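Data block below; observations after.
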Amino acid sequence: MVGKMKDKKIIVGIDEAGRGPVLGPMVVAGVAIEEDKIKELEDLGVKDSKQLTKNRRKKLFRLIGEMGKIKTIIIEPEKLDELMKTKNLNKIELNAFSKIANGFLKEIEGNFEIYVDACSSNAKAFANQLKAKMIDKTPKIIAEHKADEKYPIVSSASIIAKVTRDEIIEHYKKEYGEIGSGYPSDPKTINFLKHYVGEFGELPKIARKSWKTSKRILEENKENKTKTLMDYMK
């Protein structure tokens with residue numbers, strides 16, 4: 001476990017899960033470990049995180065936690081909707097990344113290198129924006145697109161974020177039944193939303209109300225009710 005290591009090189013990876021879904025939170029996760037443990041991460045197979053099964057990710061979640069320090073920020077749908085009134089997703093993600101990074105800087109002594117999956121089109125600008133928010137300007141920040149495919153430390157953060165979000169989605173399913181993955185491209189998710197809105201006339205609390213998909217389903221339900229009423233009055 002990472003402790004007070006003033007002369008140690010600390011590698012931090014930060015990534016998110018759930019940026020685009022219409023259901024559930026966005027989870028931002030960070031992992032901090034000593035540089036000499038990076039090879040262990042590679043040996044665990046975290047570099048191929050997107051190809052891992054759900055059970056394998058859960059196992060790696062535990063192993064990564066034993067090797068280093070983990071931080072997560074869970075931005076619930078309601079909070080995300082509130083933030084979207086004044087910020088875009090890139091800014092929201094940037095702020096969460098900086099909170100994770102600064103949290104490690106406050107708790108761990110060492111020479112830091114911070115690797116992040118850049119969410120904006122300009123990765124260099126994203127790195128500069130993140131550095132500007134650091135309480136310590138000395139750490140090297142590497143921001144790249146698809147960093148989770150290139151750097152095991154970012155892959156590790158991706159695993160932590162995804163497992164955390166998956167567990168939340170499973171909890172939702174116990175309350176609401178089948179909701180799918182939460183992504184707009186998932187027919188199960190769309191079917192759930194349409195049925196819920198059709199029955200209750202509003203979106204469930206787990207939905208992101210500011211998302212286009214949510215607004216469209218609400219509008220379609222309103223139009224269907226109006227059409228039904230008009231047909232009834234003929």
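Even glycines carry a Cβ here, placed using N, Cα and C.
TrEMBL annotations:
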DOMAIN    9-223  domain 'RNase H type-2'
BINDING   Asp15, Glu16, Asp117  divalent metal cation binding site
Per-residue Cβ crowding (10 Å cut-off), top of binding-site residues Asp15, Glu16, Asp117: Asp15
Three-class DSSP secondary structure - Asp15 (divalent metal cation binding site): strand
For the domain 'RNase H type-2' (9-223), mean pLDDT (0 to 100): 95
Three-class DSSP secondary structure - Asp117 (divalent metal cation binding site): strand
Environment of Asp15, Glu16, Asp117, the listed divalent metal cation site - residues of the same chain whose CB lies within 8 A of the CB centroid: Ile14, Ala17, Val28, Ala29, Glu93, Val116, Cys119, Ala147, Asp148, Val154, Ala157, Ser158, Ala161
